[in-house]
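Undergrad: Here it is: the structure, laid out below.
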């Protein structure tokens with residue numbers, strides 16, 4: 001009986017300690033281990049997530065992410081900036097009296113019906129997209145409903161402003177932002193962001209961000225992933241009005257890194273305007289002192305001719321680095337007749353070998369080489385499940401840390417946490433993959449303890465890492481911009497650039 005009673009007491013105490021452990025995981029591990037061992041019940045259980053693949057991967061990243069030897073001091077960013085009005089896409093469309101019909105992509109939106117069809121199309125795929133709304137009055141009516149929506153939130157928007165805001169979080173960096181900055185945006189910007197007076201305007205540019213969650217339903221429609229649909233009637237950014245202000249500000253600011261974005265905003269313009277403006281973009285970039293790297297951040301596009309012109313009309317050779325996602329990468333290949341261009345869209349997680357082939361083609365056909373007058377030597381690719389940094393050998397350093405840092409910020413920003421909470425993230429990357437689909441690539445099996453995989457192909461180095469995908473993302477907008485900014489922050493360019 002005494003033996004039974006002692007066993008029962010030990011059992012109850014073990015149960016109690018287990019409950020304490022589950023309910024109060026923040027208690028010091030030493031206190032829990034001491035209590036557990038005093039009961040002589042063997043080794044204490046590991047805290048949640050520590051031994052999981054997600055926990056091991058997060059710990060491995062932390063060990064790999066180190067600042068480069070040579071760091072940026074002054075970063076200039078331009079030229080698109082706006083105020084993002086973020087709210088539930090389904091709730092807004094319901095408030096507008098719309099119902100989900102058959103989804104259909106529209107390269108440009110002209111009506112509420114076009115908006116409903118395009119939103120349904122992309123929500124059904126769980127894919128991000130950005131479209132221009134041509135009707136000024138209809139857009140302002142929708143924008144007013146969205147802005148006054150009880151759950152609507154206002155944030156810094158526009159790739160340039162978001163990238164500048166991310167850089168500004170580092171107090172040892174000085175950040176210049178050129179773009180159409182109205183009163184609301186100026187109020188939202190970090191104090192560390194300097195806006196030249198010529199960039200200030202009386203009225204803000206508003207972009208509407210319609211978000212949806214993974215598994216969210218609207219009648220028969222169900223989103224496979226959390227994502228967003230963006231639309232605007234943005235004339236200032238659409239004309240890249242701040243380009244000349246941006247370039248003229250560089251001489252006084254003396255940056256050692258320039259980040260350019262906003263080319264996609266020209267989709268609502270005429271072909272003649274696009275061609276003329278792109279030539280002016282190239283001329284402006286050529287005025288930037290030699291040795292100052294220029295990163296171009298691409299964004300969602302539907303105009304193949306505009307994308308083809310960006311690729312071929314000297315824009316790619318003029319920049320040093322590119323940032324883009326899976327939609328932009330495939331569209332780029334389709335527009336310029338690159339590899340796998342017959343692929344109409346991605347089916348689920350983009351195939352690593354296919355992505356690698358397209359990145360290799362961009363750098364081989366349009367990148368820096370002895371026989372080509374091009375500065376392009378780096379591409380930072382990001383998709384929901386993984387990231388790849390591809391670089392021409394001999395021009396960039398610390399890319400292992402850079403790709404890991406970009407993936408880490410994707411997890412923390414999506415979940416709105418300071419550090420990775422392993423209970424709120426999961427691995428979505430393929431467990432194994434081929435490094436190429438066109439050549440005899442290697443087969444790679446993921447190891448969470450060594451999360452960055454490196455391979456080489458004819459003078460191009462690839463750094464791959466999976467992403468810890470947030471299960472319940474708080475905000476998806478600006479993730480790509482944060483990823484690119486963080487990757488650049490940890491990158492080092494060789495002086496002979």
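Including glycine, each Cβ sits where the backbone N, Cα and C put it.
Pulled the feature table from Swiss-Prot, pasting it below:
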SIGNAL    1-22  signal peptide
DOMAIN    52-497  domain 'ADPK'
BINDING   297, 328, 481  Mg(2+) binding site
ACT_SITE  481  active site, proton acceptor
Undergrad: Measuring CB to CB from residue 328 (Mg(2+) binding site), give everything in the same chain under 8 Å that is also at least six residues away in sequence.
TA: 298, 299, 300, 301
Undergrad: An 8 Å radius from the center of the 297, 328, 481 Cβ atoms defines the neighbourhood of the Mg(2+) site; name the other residues of that chain inside it, in order.
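TA: Along the chain, the qualifying residues are 159, 261, 298, 299, 323, 324, 325, 480, 484.
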Undergrad: For residue 481 (Mg(2+) binding site), list the number of other Cβ atoms lying within 10 Å of its Cβ atom.
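TA: Within a 10 Å radius of the Cβ of residue 481 (Mg(2+) binding site) lie 27 other Cβ atoms.
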Undergrad: Sort out the sequence-distant neighbours of residue 297 (Mg(2+) binding site) for me: same chain, 6+ apart, CB within less than 8 Å of its CB, listed by position.
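TA: Listed in sequence order, they are 159, 160, 163, 259, 260, 261, 322, 323, 324, 480, 481, 484.
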Undergrad: Return one of helix, strand or coil for residue 328 (Mg(2+) binding site), based on DSSP.
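TA: DSSP assigns residue 328 (Mg(2+) binding site) to helix.
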Undergrad: Grab the pLDDT values for the domain 'ADPK' (52-497) and give me their mean, rounded.
TA: 94
